[in-house]
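Chemist: The structure that follows is given in the form of structure tokens.
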Amino acid sequence: MNIHEYQAKEILRAYGAPVTRGLAAFSSQEAETAAQTLGGIAFVVKAQIHAGGRGKGTFKELPAGAKGGVRVVRTPADVKASAAEMLGHTLVTLQTGPSGKQVGRLYVEEGASIDKEFYLSMLVDRASSRVAFVVSTEGGMDIEEVAHSSPEKIVTFSVDPATGIQPLHGRKVAQALGLSGDLGKQAVTLTASLFEAFTQTDMSLLEINPLVVTKDGRLVCLDAKVSFDSNALFRHPDVAQLRDESEEDAKEIEASRYDLSYIALDGTIGCMVNGAGLAMATMDIIKLYGMEPANFLDVGGGATKEKVTAAFKIITADPNVEGILVNIFGGIMRCDVIAEGVIAAVRQVGLTVPLVVRLAGTNVEEGKKIIRESGLNVIPADDLDDAAQKIVAAVKKEAA
Ligand code: ADP
Ligand code: MG
């Protein structure tokens, strides 16, 4: 689960990491009031969306040349004006994709006078089963580009869970960033605070880009991107309530209500499959026959009729879907239950695209009979290969 920058900074602050003072705002009036409350001579108005690259982003509705999603301004009145331009508008960045994201909230924070911009991130390194740090002097820019063009400028190390965070880790960070003296000490303290925040709240990613040195000699986290391990959210109800559903795919939210493993993709063939392995094989074989899956969907081993109906509705709600492939191996799951679910869903939502159903395993004959006798226009298939060829052919025929 991802959260907004202002929420991430709130958590970092609670763990003692240095962040700039700021306030969230949901209207331009609130933004102006936030600036008045903060006081000072420079403010930064930052669009809160779950994507980076906001500074260099552009707003769809604003004329070319208008400022991006991170703006440095001088007065509360300017904050208000900038806020009015951003709120409700669509910000397109390198990370949002061409459709962009609508800005519904802002963060107004005090302007920092920046001397240097660094990069620091933490993540769970699966290979070493440890929390790893990634540090670079090349901050404020695209880290993938740095990794590509000058990999020697990126320092990584991981923390042994048996010892936990040690001053030596902080010194590694300081060394990588060329910090000594008081700034070196700040780096050691910061490293420990970030590690605490990361492990105590079960983060899976924490990215500070940029981590800056201010002109008055302070190390400050100027941006913060945080993702949490969703499997650990039950331990953190306070974190779980930071979820902003408006940032998520509506189909994925609906799927999570029914405990379905669903991921929206860009293709045109909707897939309903049981078991993650079979779901991936189904996606592969669709590609093999020249089309792209519209989603990954694992309805799980013990799906009920209601679950299957919900899954089918989610697939058909996707306007990109031009054909549906149901591929079920009945092990724990019975084929007749799947068949009933599919039929119930088709009766409820209608069927405007070709549907191929391949059933195998427990109660397969009952399942096939239910589909045959439903009178619905369902194309039966016998195996995976046959099913994939049939759905691709059916979609091509519709398009012709
Ligand atoms: P994004 O990564 O989405 O573009 P950032 O928060 O990293 O957003 O902001 C982009 C740039 O704007 C930063 O690299 C920094 O140079 C500048 N910036 C961000 N926040 C502040 C601030 N509080 N004071 C001064 N400059 C800032
Ligand atoms: Mg950034």
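We count from 1, first residue shown onward.
Cβ from N, Cα, C; glycine included.
Remember, TrEMBL labels are computer predictions, not curated facts.
The shown structure was predicted, so the numbers you read here are calculated from the model rather than taken from an experiment.
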Chemist: Looking at the substrate binding annotation from TrEMBL, with Gly331, Ile332, Met333 already listed, which candidate in Asn209, Asn231, Asn274 is the matching residue?
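Modeler: Record source TrEMBL; matching candidate: Asn274.
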Chemist: Write out, in the order they occur in the sequence, the residues of the chain not among Asn274, Gly331, Ile332, Met333 that have a C-beta within 8 Å of the mean position of the C-beta atoms of the recorded substrate site.
Modeler: Gly275, Gly300, Gly301, Gly302, Ala303, Ile328, Phe329, Gly330, Arg334, Gly361, Thr362
Chemist: Going by DSSP, is Glu109 (ATP binding site) part of a helix, a strand, or coil?
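Modeler: Glu109 (ATP binding site) sits in a strand per DSSP.
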Chemist: From Glu109, Asn274, Ile332, which binding-site residues have a C-beta atom under 6 Å away from some atom of ligand 1?
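Modeler: From Glu109, Asn274, Ile332, counting a Cβ under 6 Å from ligand 1 as near, the near ones are Glu109.
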Chemist: Please state how far apart, in Å and to a whole number, the two most distant Cα atoms are among Lys46, Gly53, Arg54, Gly55, Glu109, Ala112, Glu117, the recorded ATP-binding residues.
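Modeler: This binding site's residues have a maximal Cα-Cα distance of 19 Å.
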